[in-house]
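Working notes for the structure below.
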Amino acid sequence: SYILGAPIAAFVFLPVFYRLKVVSIYEYLEHRFDRRVRMAASLVFTSQMIIYMSIVLYAPALALNAVTGLSKWTAILSVGIVCTIYCTIGGIKAVIWTDVFQSFLMFTAMIIIVVKGVYDVGGVDVVWERARLTDRLQFFNLDPNPMIRHTFWSQTIGGIFIYVSLYGVNQTQVQRLLTLKSLQKSQLALLISWPITTLLALITAFTGLTIFANFWKCDPLITHQISKSDQLLPYFVMKSLSSYPGLPGVIIAGIFSGALSSVSSFVNSLAAVSLEDYVKIYFGNRLSQKSETLISKLLALFYGLLCVVMTVVADQMPGLLQASLTIFGVVGGPLLMLFTAGMCCPTCDSSGALTGFIVSLVVGFWIGFGNTFYGTKAIPLSQSIEECPDIGFNSTQIPSQSAPGVENNSFSMYNLSYMWFAAFTWSIGLIVAVIVSKLNRRSNPVNQTLLAPFLRNELNCDPNPIDDSANCSLKNSLKLSEL
């Protein structure tokens, strides 16, 4: 999904944003459609990021709680306040430079865990064999059933929609890319990022296999040594590395770095969106540069503190990874649909786009909440406690199905894999947008700068227009209805 998603984000969406020189990417929606669409998308993005930030902040708090015994709420306050302060003071430059340092710490932490974990069990072959024996190596499950939690298709096709919604039309990522000096450098940065993110995903996955190999005969979750599966990594760190002074601190710093990097970017992007989409629209040109800077810092402070408060929501979620991807599927799909309709469908008008957006959001939340509360639950793979000390359990093996998934694969929308949420909501929204626009029968010309580059090649657009407001007309060989 990274290999296919990166070029789509780099060559379809990014050129349009870069040419418009927008601060808030939702400004594009006002140019292409109208202010209603812009405000709707901006408000949904803001809500999405606030909830997601609470999840990201909650994860390292669990780690610190497991390692030090420090109250998770104390840890949340500590991390949240520190992150808020440097985002408020430093702005986007502080975010980018701290991200570089934090990424280094994150990779270092993962490598240390893998090396020590592999050494403890006796080598990579042991890790691989234990994973194979418990059916944890499933690379090519080609079952097309969308109700199965993880398959080759859900990870690739479904993953493409998640990736593009994150890297192609998400304010947090696009804002970083627009700071580069040229479009070519922005595109190159995005393309270079996919092998790095792929490497991180592989290291993270192998870290999980390594930790499992160390606990495969004495699962700490079953024995109640930890209360949540999200605490496995810090628990392993303290159990395996506590005899090495300083190393547990480096690992925990790496875990915190991942959270701080994400939260800082989100806080900064929310401040930028709020300033451009709410404050400036209300005050117009009455604000001075100094006032805008002050308001931006106050907004960053507000969102940072709000993020801390919202961790109460994250505390109620069963699994942080699935919760994160569910949010991006339920909300990211409709947002991606809006930009797709704007850049790739010249026939879509504002009424169609807004209607499609609302319908896809309603469907997304219906499926998302239904999946969380009424869908069948994922079944964990085989877990054992047969080599644990005397802990009062009569059973030594926890039976499970041969593959992670759901208790049954009956066709129910509440059982739809969370990896398909973004693709499903995108499809529903785009179909509705096209149909409603078709029924409106409006044919307003579209500014060429608002269309994806590949589409301009199919239209009579001057490649080097003197006037950027020049409109595109259709080639004789191409019908508008076909787009």
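Just so you know, glycine gets a Cβ as well, placed from its N, Cα and C.
Residues annotated as transmembrane segment in TrEMBL: 6-29, 41-61, 73-92, 104-128, 148-167, 188-213, 250-273, 294-314, 320-341, 353-374, 418-436.
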(request) Sort out for me which stretch, of 104-128, 148-167, 250-273, 294-314, 418-436, has the most Cβ pairs below 8 angstroms to the transmembrane segment (188-213). (result) 104-128
(request) Using a Cβ-Cβ cut-off of under 8 Å, list the residues of the same chain that are 6+ residues beyond the ends of the transmembrane segment (294-314) and lie near it. (result) 50-51, 53-55, 57-58, 61, 73, 76-77, 80-81, 83-85, 87-89, 91, 263, 266-268, 270-272, 274-275, 279, 287, 320, 323
(message) Give the nonlocal contacts of the transmembrane segment (353-374) in its own chain as ranges (CB under 8 Å, at least six residues past its ends).
(response) 29, 33, 36-37, 40-41, 44, 326-327, 329-331, 333-334, 337-338, 341-342, 413-416, 418, 421, 424-426, 428-434, 436-437
(request) Given the cut-off of 8 Å on Cβ pairs that are 6 or more apart in sequence, determine whether the transmembrane segment (104-128) and the transmembrane segment (250-273) share at least 3 such pairs. (result) yes
(request) Kindly say whether the transmembrane segment (418-436) and the transmembrane segment (41-61) touch, using the definition of 3 or more Cβ pairs under 8 Å where each pair is 6 or more positions apart. (result) no
(request) Could you tell me what the rest of the chain brings near the transmembrane segment (250-273), counting residues at least six beyond its ends with Cβ under 8 Å? (result) 23-24, 26, 42, 45-46, 49-50, 52-53, 56-57, 59-60, 63-64, 67, 79-80, 82-84, 86-87, 91-92, 94-95, 98-99, 101-103, 105-110, 112-113, 171-172, 175-176, 233-234, 237, 241, 296-297, 299-300, 303-304, 307
